[in-house]
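Novice: OK, TrEMBL features for this one:
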TRANSMEM  28-46  transmembrane segment
TRANSMEM  58-78  transmembrane segment
TRANSMEM  84-104  transmembrane segment
TRANSMEM  145-170  transmembrane segment
TRANSMEM  230-251  transmembrane segment
TRANSMEM  272-290  transmembrane segment
TRANSMEM  296-316  transmembrane segment
TRANSMEM  328-353  transmembrane segment
TRANSMEM  359-377  transmembrane segment
Amino acid sequence: MITNFGDSLYTVVLAYITISIYNLGADALALFGLIAFFPSLINFAFGSLIDNCRNKKGLLITFEIVQLLSITGILFTVYFRLDILLIFICHFIFSFANTLIYPVQSSFIPQILQYKKTDIEQSVYAMNITNNTVDIVSNFLSSIILIYMSVISILILDMFTFILCIALFLKISVKNIGYTPPNNNPLQEKANYKTDILYAFKYFWQKKTPSRIVVMEGILSGLTTMVMRIVGAYLVILNIGVEYLGVLLAIQRGSELVGVFLSNHIKMPFKNFFMIDYLVSGVAITLIAFTDSIAIKTVLFALTFLLIGMSGTVYGKMIYHFYEYQHIGKVTSIINTVSSFAIVTCLLVPMIYDDVVNLIIITGIITITFGLYLLFFNKSNDSFEKMS
């Protein structure tokens, strides 16, 4: 929760530093975005190292310290008006640590919760509610803070959030409870770094239903990110003021939060949920492009993000349900790589083909296609396992 607020402050102040202090334009902001995504593309290379680390608490604290030092470097660069190249370097280091924190946290949670499956799945629900709520509040507060505080003061405040986070991590106590994984995996080979990476991918694909859903979710995440980047242009096409974008983003966040609250009541098989999710949201996205009513467009938009909010919790539970706890670091690292590759690829699409309406329709059709695939073609043995 605290790191979410710190990340929001960091993102807002970095954009302000780039534009207002160093007088750079959109190309620099785009470069910052690419720098942030690049470490995620190689995330898969660190999954085995994370799983094999015995002191995950220490690893988390180390990454938080690295981020703290990166922000300190940015502060000194801005204060002494040094070359912006130093900010790019600090941003890369910050992003590299940030992209590894999620797999470490995901791998550490079962240990904190003493490998109790029900508690682990409930933690996914609790974290999604917390993250969505904090994202809404922190994005608002970050903008307000920027009005009333100097950049240096905000960077110091951001540093304080990471110091507080480190202090809280230090207070976490973990009971030394052994976890004996089921010894039923024929893919495991004698461990070394190269075979560990190969094994991670083999193990990930071994679970047919979740691995396919992960790939589909990654592609849809990329398409959704692309659509939200071009939605301002769509408002112009509809002769609606771009200032309406703020309202639209509020509807997006609010719908996702409602979806998260509803997600804890879903008990159907994972495959069935995602099939319904893709079919309904795909139809909704497609209809947005064809209906003339702004009110109906808004309702369809809200419905789409309501389902996205629900799917976040179901997705997290699915990962812990299908994959063994001692391999969660590997799996989440691969997930990060798949999602980041899809997002970067989809963000490049509007640079080549910029018909906004058709891009929205294509997104809807692809989403429906994934739903139909789950309905008619995915018949693996694990496809009907239910949520607990």
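A Cβ is built for glycine as well, from the same backbone N, Cα and C atoms used for every other residue.
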Novice: Six or more residues out from either end of the transmembrane segment (359-377), which same-chain residues have a Cβ under 8 Å from its Cβ atoms?
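Specialist: Long-range Cβ neighbours of the transmembrane segment (359-377): 213, 216, 219-220, 223-224, 226-227, 230, 234, 271, 274-279, 281-289, 349-350, 353.
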Novice: Out of 28-46, 84-104, 145-170, 296-316, which stretch touches the transmembrane segment (230-251) the most, going by CB pairs under 8 Å?
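Specialist: That would be 296-316.
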Novice: At a threshold of under 8 Å on Cβ distances, which of 28-46, 58-78, 84-104, 328-353 pairs most often with the transmembrane segment (145-170)?
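Specialist: The stretch with the most close Cβ contacts to the transmembrane segment (145-170) is 58-78.
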Novice: Any residues 6+ beyond the ends of the transmembrane segment (28-46) with a Cβ under 8 Å from its own?
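Specialist: That would be 14-15, 18-19, 22, 84, 88, 91-92, 95-96, 98-100, 103, 197, 200-201, 333-334, 336-337, 339-341, 343-344, 347.
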Novice: In terms of Cβ proximity under 8 Å, which residues at least six beyond the ends of the transmembrane segment (58-78) contact it?
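Specialist: For the transmembrane segment (58-78), the far contacts come to 3, 10, 14, 17, 21, 50, 84, 86-87, 89-91, 93-94, 96-98, 100-101, 104-105, 108, 151-152, 155-156, 158-159, 162-163, 165-166, 169-170.
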Novice: Could you pull out which residues elsewhere in the chain have a CB under 8 Å from any CB of the transmembrane segment (272-290), counting only those six or more residues past its ends?
Specialist: 213, 216-217, 220, 227, 266, 296-297, 300-301, 303-304, 307-308, 310-311, 314, 357, 360-361, 363-372, 374-375, 384, 387
Novice: Any residues 6+ beyond the ends of the transmembrane segment (84-104) with a Cβ under 8 Å from its own?
Specialist: 3, 7, 10, 14, 17-18, 22, 24, 28, 31-32, 35-40, 43, 46-47, 50, 53, 56, 59-60, 63-64, 66-67, 69-71, 73-74, 77-78, 328-329, 332-333, 336, 340
